[in-house]
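Colleague: Feature list, courtesy of TrEMBL:
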ACT_SITE  237  active site, proton donor
BINDING   48, 49, 50, 91, 196, 247, 248  substrate binding site
SITE      157  site 'Transition state stabilizer'
TRANSMEM  50-68  transmembrane segment
Ligand SMILES: CSC[C@H]1O[C@H](OP(=O)(O)O)[C@H](O)[C@@H]1O
């Protein structure tokens, strides 16, 4: 039975989320009634991971609605729209954030009173949260069928429970395989500079009693040669309708090495991460973050003074390197342009 802390929770106008920048040293929470504080947590990566970002965005607007004190529905809707614009500016690549905001705004456009708006927005934010957890569990059950007892699985970044409402996407098949009694070993690439793999994936898998080892991002070549890796499972921040995958730095090199060494390379993502409005990787923004996040670690500069850094926070993997996309609706295999169901088109 998986017993991990909940990434984010809503209770009576308060949002409580794990501050992931403090893991693995400390499990501490941010509790707030202020929607702007949740937006800041997304921007500063105190909460991160495409599905978790979508849930947090929904709850940010639910906090706005819960605590708004005004008279006119018109001003409520105008100020809600302004808050939504601020939430959308926090990070550009995870499509879940934009889809969650649009779902909330769509609900708000259908109401005729402030009380109805408040109720409907909070209910929709909770629905987004519950749907994500259900989807991840299904991804786990479907993905676990790809895993055999004794397998070694490699993953990059944290597409774990911490990146979602619960279970994770890439980690969900690992947790379900473990539930089924399969003994697995997971190689978690550390994922510089934020270290989602070394700090977060290693933490949650070890908490769950799964054998996990950390490896440096630049060791994937020798790992593929020497470690008998059974399969690779990674997450995604956005999947276009022809199967281009935006995910954390290191995903593309891992896909290339996996192809050369005949290691099946799966992307695990809920259908809420499929962005059918985008076709090519030029159709959306790849986040570039502050170079100081590369140049410093916990306040210590690791590069010479005067030397700058380039920091793309994601990379892009072409569809031809992807064995299959594990979703809650089943595994989608290439050719993705034909096999990604149009019925999954998001608002
Ligand atoms: C389950 S998707 C998680 C996805 O999000 C991560 O990015 P970040 O930590 O910058 O939010 C990474 O791309 C993961 O694969």
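Using the three backbone atoms N, Cα and C, a Cβ is placed for every residue, glycine included.
Automatic, uncurated: that is what TrEMBL annotation is.
Just tell me what is around each of these and how deep it sits.
Modeller: Taking Cβ-Cβ distances under 8 Å and a sequence gap of 6 or more within the same chain, the neighbours of residue 237 (active site, proton donor) are 50, 93, 94, 95, 96, 246, 247, 248, 273, 314.
Secondary structure at residue 157 (site 'Transition state stabilizer'), taken from DSSP and collapsed to helix, strand or coil, is coil. The number of other CB atoms found within 10 A of the CB of residue 157 (site 'Transition state stabilizer'), across every protein chain shown, is 29.
Proximity of distant same-chain residues to the transmembrane segment (50-68), defined by a Cβ-Cβ separation under 8 Å and at least 6 residues beyond the stretch ends, is recorded for 7-8, 10, 13, 15, 17, 32-36, 38-39, 41-42, 76, 79-80, 83-84, 87-88, 90-91, 94-97, 99-101, 103-104, 108, 114, 117-118, 121-122, 124-126, 128-129, 132, 136, 162-165, 169, 235-238, 269-270, 272-273.
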Colleague: Reduced to three states, what secondary structure does DSSP give residue 48 (substrate binding site)?
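Modeller: The residue in question, residue 48 (substrate binding site), is coil (DSSP, three-state).
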Colleague: If I take the alpha carbons of residue 196 (substrate binding site) and residue 157 (site 'Transition state stabilizer'), what is the distance between them in whole Å?
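Modeller: So the alpha carbons of residue 196 (substrate binding site) and residue 157 (site 'Transition state stabilizer') sit roughly 5 Å from each other.
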Colleague: Which recorded positions of 50, 91, 237, 247 contact ligand 1 in the sense of C-beta under 6 Å?
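Modeller: Correct list: 50, 237, 247.
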Colleague: Within 10 Å of the Cβ of residue 50 (substrate binding site), how many other Cβ atoms can be counted across all chains shown?
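Modeller: Its Cβ has 28 other Cβ atoms within 10 Å.
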Colleague: Grab the substrate binding residues from the record (48, 49, 50, 91, 196, 247, 248) and give me their largest CA-CA distance in Å.
Modeller: 17
Colleague: Going along the chain, which residues six or more apart from residue 48 (substrate binding site) have their CB under 8 A from its CB?
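Modeller: Expected: 20, 42, 163, 194, 196.
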Colleague: What's the CA-CA gap between residue 91 (substrate binding site) and residue 157 (site 'Transition state stabilizer') in angstrom, rounded?
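Modeller: So the alpha carbons of residue 91 (substrate binding site) and residue 157 (site 'Transition state stabilizer') sit roughly 17 Å from each other.
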